[in-house]
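**Q** Features from TrEMBL:
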TRANSMEM  37-59  transmembrane segment
TRANSMEM  71-94  transmembrane segment
TRANSMEM  100-119  transmembrane segment
TRANSMEM  131-152  transmembrane segment
TRANSMEM  164-184  transmembrane segment
Amino acid sequence: MLVVFNLLHALPRYLSFDPALSRTAIDPNFALHYPVLVLHVVTGNLAMVTVFLQILPWLRKRSVRLHRWSGLVYVYGGALPSSLLALILLPYSLAPTGKFGLFSMAIAWIATTIAGYRAQAGHRYRDHRKWMAYSFAISLGTSWGRILSTAMQTIPWFKIETMLFIEMSNWLWVGNVLLAHWWLQRRSRVNRTREALQPDS
């Protein structure tokens, strides 16, 4: 649902290539600010779609080739370029706060994506799935900010002070990571229980 929300909420306004529709203030001193921003948004949305395909267990079982190709597109066409472009854009952000949260998210996204790719290349598939779960969680990091922004526009009584909202929305990705960690731990416990219940051969 979050992937669909992002595709409908963020992508169309940037595919119009109209700077006036940008949700991010454009720095007039950086001539390439808007084109780089569009690339960041497009690659970010590509990352969300392809990593969603990565975590579907039935797709991995039915089509290993599609799983591998979507993974390569996610790494080289989505996560890495989008996070690197975010680091390029950060110094030109006109937002009064929230930069360190976005910087931390970009670094964490790069680190988990590379760790997941290296684990797959080394045939450490359990580690690969773990790191990709974290990478997926981070890829949706800005989604909650968009949801809160939409809620504030549509629900009259729901308001958050501007500075607090900007700072908070750029750290909500941490909640996604914690949720992914909880899910991984729960899955590990379930697997151990199943193994313990298996009859000895």
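Backbone N, Cα and C atoms are what each Cβ position is placed from, and that goes for glycine too.
Heads up, TrEMBL stuff is auto-annotated, nobody curated it.
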**Q** Taking 37-59, 71-94, 164-184 as candidates, which has the most Cβ pairs under 8 Å with the transmembrane segment (131-152)?
**A** 164-184
**Q** Counting only residues 6+ away from its ends, which parts of the chain sit with a Cβ under 8 Å from the transmembrane segment (37-59)?
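**A** Contacts with the transmembrane segment (37-59): 2-3, 6-7, 10-11, 14-15, 17, 22, 24, 26, 66-67, 70-71, 73-74, 77-79, 81-82, 85-86, 89, 132-133, 135-136, 139-140, 142.
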**Q** Using Cβ atoms and a strict cutoff of less than 8 Å, what residues sit near the transmembrane segment (100-119) while being 6 or more residues removed from its termini?
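**A** For the transmembrane segment (100-119), the list is 71, 74-75, 79-80, 82-84, 86-87, 90, 93, 125, 127-128, 130-132, 134-135, 138-139, 141-142, 167, 170-171, 173, 177.
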